[in-house]
Amino acid sequence: MAVKTEYPNQTVVSHFFLEGLIYTAEHPSLFFLLFLLIYSVTMMGNLLILITVGSDPQLSSPMYHFLGHLSFLDACLSTVTVPKVMAGLLTLDGKLISFEGCTVQLYCFHFLASTECFLYTVMAYDRYLAICQPLHYPVAMNRRMCAGLSGITWATGAMHSAIHTSLTFHLPYCGPHHIAYFFCDIPPVLQLACADTTINELVMLANIGIVAAGCLILIVLSYVFIVAAVLRMRTAEGRQRAFSTCTAHLTVVLLYYTPPVCIYLQPSSSGVGAGAPAVFYTIVTPMLNPFIYTLRNKEVKRALRRLLCRGSRESLASSPPH
């Protein structure tokens, strides 16, 4: 049960209880192993992409610079939610989260998720420059520009999350303390507030809606120009290579954008049963992204083979002779 501390004229909740995901209570051990497997694959896959991009000189183009940022974001995003879900499957105490812990989790989640949203837009712009303006591309997307765009995505994500976190926890929470969700997110937390949340919900819909819609419109516009440019290419090999790099990005964009639309456009519908869409883009998508980019990109596959071959050669060289 949550611990409460007395404030003048009201009782303020100091802990929340995360009710978790529906159906997991019947077989907690099975779901614990499932989430452990998903989390392990997510961390290993994204770490492998990070090491490959960082160590292979042939993956020095801006696209792979942004892919490294995406892999880091996916690993962190999964870490914000999955370990707490696993803890809740082991014991009831694992479902408890302090008020401060809930604040940190909500901030980190929206910081990472919104940064990823902005990064997808930057990646679409990178593909637009590379395919539609190939001669101008090396100058427009130089090392300084890559670093600047990456920094802007992280800074904007931090500011975007700070606004939502401060608005959410500025409200009084005097009980109940059960969050009908598997992590601290804005819609389920707002349902526990002891004050009118209309303004918060409007700000959430407007802010997240404008940001998500704006990023999505920019991505779609980029790909309209990309498709037109690809169709004008004379060689089938050029078209195939352009489409192979773009389809991976489009796939992860669709996987990322679809579930949040179901959640944040209907904040009153959030609950234990509404966790399925969130599971997909907070837990499943970070696991799938490395596979999508690896399977659809020949350069990454070749770089992975070089990395694995180099690692096996070094291990053989370091092993003592028989």
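Keep in mind that glycine also has a Cβ here, set from the backbone N, Cα and C atoms.
Some features that TrEMBL has for this protein:
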- 45-293: domain 'G-protein coupled receptors family 1 profile' (DOMAIN)
- 30-54: transmembrane segment (TRANSMEM)
- 104-125: transmembrane segment (TRANSMEM)
- 146-163: transmembrane segment (TRANSMEM)
- 208-231: transmembrane segment (TRANSMEM)
- 243-266: transmembrane segment (TRANSMEM)
- 278-296: transmembrane segment (TRANSMEM)
* Structure fact -> Among 104-125, 146-163, 208-231, 278-296, the stretch with the most Cβ pairs under 8 Å to the transmembrane segment (30-54) is 278-296
* To do: Residue list, the transmembrane segment (208-231) vs rest of chain: Cβ under 8 Å, 6 or more residues beyond ends.
  => 114, 117-118, 120-121, 124-125, 127-128, 131-132, 160, 164, 239, 242-243, 246, 250, 253, 257, 260-261, 264-265
